Amino acid sequence: LKCNKLIPLAYKTCPAGKNLCYKMYMVSNKTVPVKRGCIDVCPKNSLVLKYECCNTDRCN
């Protein structure tokens, strides 16, 4: 699986066991992601942070 880094022009290949890509936003500003990468389990959203997870190459 290949996931985009913070700047989507760059990506990385995920290590074994991390089979989801994710994008994290501040709830107050959903237009600008603050973090992207590989993850094993999609975190729950909080009052401050929103996560979007997916499982295809460069989907984040």
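A Cβ is built for glycine as well, from the same backbone N, Cα and C atoms used for every other residue.
Annotation source Swiss-Prot lists disulfide bond at C3-C21 (among others). Secondary structure at C3 (disulfide bond), taken from DSSP and collapsed to helix, strand or coil, is strand.
Per Swiss-Prot, disulfide bond is recorded for C14-C38 (among others), and the stated evidence type is similarity to another entry. DSSP gives C14 (disulfide bond) a coil state; it is part of no helix or strand.
The number of other Cβ atoms within 10 Å of the Cβ belonging to C42 (disulfide bond), over all protein chains shown, comes to 14. The disulfide bond annotation in Swiss-Prot covers C42-C53 (among others) and is backed by similarity to another entry.
If you look up Swiss-Prot, you'll see C54-C59 (among others) marked as disulfide bond, on the strength of similarity to another entry. C54 (disulfide bond) is surrounded by 15 other CB atoms, counting those within 10 A of its CB over all protein chains shown.
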If we take the Cα of C14 (disulfide bond) and draw a 10 Å sphere, the disulfide-bonded residues of C21, C42, C53, C54, C59 inside it are C21
Listed disulfide-bonded residues C38, C42, C59, filtered to Cα within 10 Å of C3 (disulfide bond)
C38, C59
Have a look around C14 (disulfide bond) and count the other CB atoms within 10 A of its CB, chains all included.
18
